[in-house]
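Here is what Swiss-Prot says about this protein:
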REGION    1-26  region 'Disordered'
BINDING   Thr44, Asn46  Mg(2+) binding site
ACT_SITE  Glu116  active site, nucleophile
Amino acid sequence: MRPDGPRDPVAGPDSGPEPPYPVRLSGPVIKGFGRGSKELGIPTANIPAEGLEEYPDLQVGVYYGVVALDPAKFQYQEGQGSTSTSSTGGAEAAVLPAVLSIGYNPFYKNKTKSIEIHIMPPLSSPSPTADGAGEVKFHKLPDFYGTQLKLLILGYIRPEYDYVSLEALIEDIRVDCEVARKSLQRPAYACYIDGDEKECSDVVREQRRWLVTF
């Protein structure tokens, strides 16, 4: 069960990701258990868990990072709060913040390990999961099954927990989203999103180049 007590507002050092992060994972978006949107109201993009074989020491739990989707199949319409699919080539992939779980989800007692990624709106947009924001509506995108997704995991938030109720699980995921947002807003992490040539190190630029190249 989740321990009682307040949550830390950020995760990871302010100076930026430390080994083993960033962790690179990629794959086509596949169908998951079908619970994210329908039961929890929290849409997720699942990718095959086989990529975890490269990282045998990566523990199960909740993480934060950044994602990009193949722009030949999916384009984020920045500034409109919506998304669309497209087959037009030449567009650059949008880099978006994400919170994700790797593991078995003890509340549902899954038998197989999964990677479930919730893609959040740009950090410049109002947070739909902020405390006191009214009714929580997690960020939703149109379906994009089969689209290639790339993920850089930048930090670890917490272990997996079981919960006394579905509502308690949803509330902890809401807090996960806020921890991820606040963590990614720090300059050493924001570079992975905005790619500022003046502020980013060569290492960050190389990681970001991998992220947006399809």
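Cβ from N, Cα, C; glycine included.
Remember, predicted model here, so these are calculated numbers, not experimental data.
For Thr44 (Mg(2+) binding site), other Cβ atoms within 10 Å of its Cβ number 22.
With a threshold of 8 Å between CB atoms, the same-chain residues lying at least 6 positions outside the region 'Disordered' (1-26) that come near it are 47, 51-52, 55, 57-58, 64-65, 115, 148-158, 161-164, 168, 172, 175, 178-180, 182-183, 186, 188-189, 192, 204, 207, 210. In three-state terms derived from DSSP, Thr44 (Mg(2+) binding site) belongs to neither a helical nor a strand segment and is classed as coil. Look at the region 'Disordered' (1-26): DSSP puts its residues at 0 helix, 4 strand, 22 coil. Glu116 (active site, nucleophile): 23 other CB atoms within 10 A of its CB, across all protein chains.
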